[in-house]
Amino acid sequence: MANPRVFPLSCVVQQYAWGKVGSKSEVACLLACSDPLTQISEDKPYAELWMGAHPRGDAKILDNRISQKTLGQWIAENQNSLGQKVKDTFNGKLPFLFKVLSVETALSIQAHPNKELAEKLHLQAPEHYPDANHKPEMAIALTPFQGLCGFRPVEEIVTFLKKVPEFQSLIGEDATAQLKKSMNEGSGAMASALKNCFSHLMKSEKKVVVEQLNLLVKRISQQISNGNSMDDICGELLLQLHQQYPGDIGCFAIYLLNLITLKPGEAMFLEANVPHAYLKGDCVECMACSDNTVRAGLTPKFIDVSTLCEMLDYTPSPSKDRLFAPTLSQDDPYLSIYDPPVPDFTVMKIEVPGSVTEYKVLTLDSASILLLVQGTVTAIIPSVQGEIPLSRGGVLFIGANETVLLKLTVPKNLLIFRACCLL
């Protein structure tokens, strides 16, 4: 009998403290729906579902015809299943990690190094930078999803410096004056002034940060209790972040970074060196296979301030420019493609109406991982005359050049995300 190259996966859950708790978490719900034997603990966070072959979360293969236990082991012995170009380009490894995230409290403000810097940092400090790879990533919202991403337009930051004296006192008069002046001097001057402002903020004394933050929290709380809106200085968000990370420098970053709320299906792409933080909501995320993170705030972990201030991309841009729009397929009315400007990964969104009885998954010269978010199907695999039932939360590995047909077993709409590598 032919060696199966399409099979279901049991994926690793990460229970980080910032995750949504119990059945409020989309990660937990996907898990429970795909495996009725799963017991969800209503007092534990379910933060991330890892779908891939990363050593810290290698998916288990759910097919007793296959001797290898995990996807990583199987790919190592079946490298042709990656597709010829993917195999050659990425040294016989799956180049992406596919995830679902359920965020309750803010993740740290962070940026990921480009390949050149990642190699240097890994050599210098492997305990903080565990590999030499870059880590571009893309988040696609499943529910309304809030995050910080990239530096705001300079005029917005200047407005906050006027309205939030506590913020201005940390940035300092000279850096504030330089930023205002840069508005008439072009993009290079603005980036340089932003770097100066951010560096001043990050290098502020802890004692001074705590004092100014306490003053600001008190002022906002009083105004809100008097019935006044503080939306013009993101008052509610500041209180929320301060409650989660009291006295943390990252609370002030909301005045420097764009606040973005993605609607379901909207995406943001996070290139190397762009500062960002996920604040709340559920998303599908795809990234290059790396663990390198340079943190800036909203974290009790190690902060490498000098590396961070040097590496960041200080290009200001409005929040709408941070949205990453998919392209609609010319040949398939149900297919949208999120194809970022990096070779490591592409994500496809498939939305099939319940009135359709069968859907042919696009055959690719790339290994792919398919996640069923909504619906119930039977996957038909002609190469081995096999059938695999999949319900909500089901995850399927599809080897390169394999044909898969999905039969809708219940007449309900399908929502599927599929990660692959289009070289």
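Cβ atoms are placed via backbone N, Cα and C, with glycine included.
Keep in mind the model is a prediction, meaning the values are calculated, not measured.
Annotated features in Swiss-Prot:
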type	residues	note
ACT_SITE	Arg295	active site
BINDING	Gln110, His112, Glu137, His276	Zn(2+) binding site
MOD_RES	Ala2	N-acetylalanine
MOD_RES	Ser102	phosphoserine
MOD_RES	Ser108	phosphoserine
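Feature annotations (Swiss-Prot) mapped to structure.
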residue	record	DSSP class
Ser102	phosphoserine	strand
Ser108	phosphoserine	coil
Glu137	Zn(2+) binding site	strand
His276	Zn(2+) binding site	strand
Arg295	active site	strand
Integer Cα-Cα distance in angstrom, Gln110 (Zn(2+) binding site) to Arg295 (active site): 4
Spatial neighbours of Arg295 (active site) among the recorded positions Ser102, Ser108, His112, Glu137 [C-alpha, 10 Å]: Ser108, His112
Rounded distance in angstrom between the Cα atoms of Ser102 (phosphoserine) and His112 (Zn(2+) binding site): 21
Among His276, Arg295 [recorded positions], residue with fewest other Cβ within 10 Å: Arg295
Ser108 (phosphoserine) and His276 (Zn(2+) binding site), distance between Cα atoms, whole Å: 8
Cα-Cα distance linking Glu137 (Zn(2+) binding site) and Ser108 (phosphoserine), given in Å to the nearest integer: 15
Zn(2+) site, defined by Gln110, His112, Glu137, His276: further same-chain residues with Cβ within 8 Å of the Cβ centre: Ala111, Lys135, Leu270, Val274, Pro275, Thr293
Tertiary neighbours of Glu137 (Zn(2+) binding site) (same chain, Cβ under 8 Å, six or more apart): His112, Phe269, Leu270, Glu285, Cys286, Met287, Ala288
Sparsest-packed among the recorded positions, when each Cβ's other Cβ atoms within 10 Å are tallied, from Ser102, Ser108, Gln110: Ser108
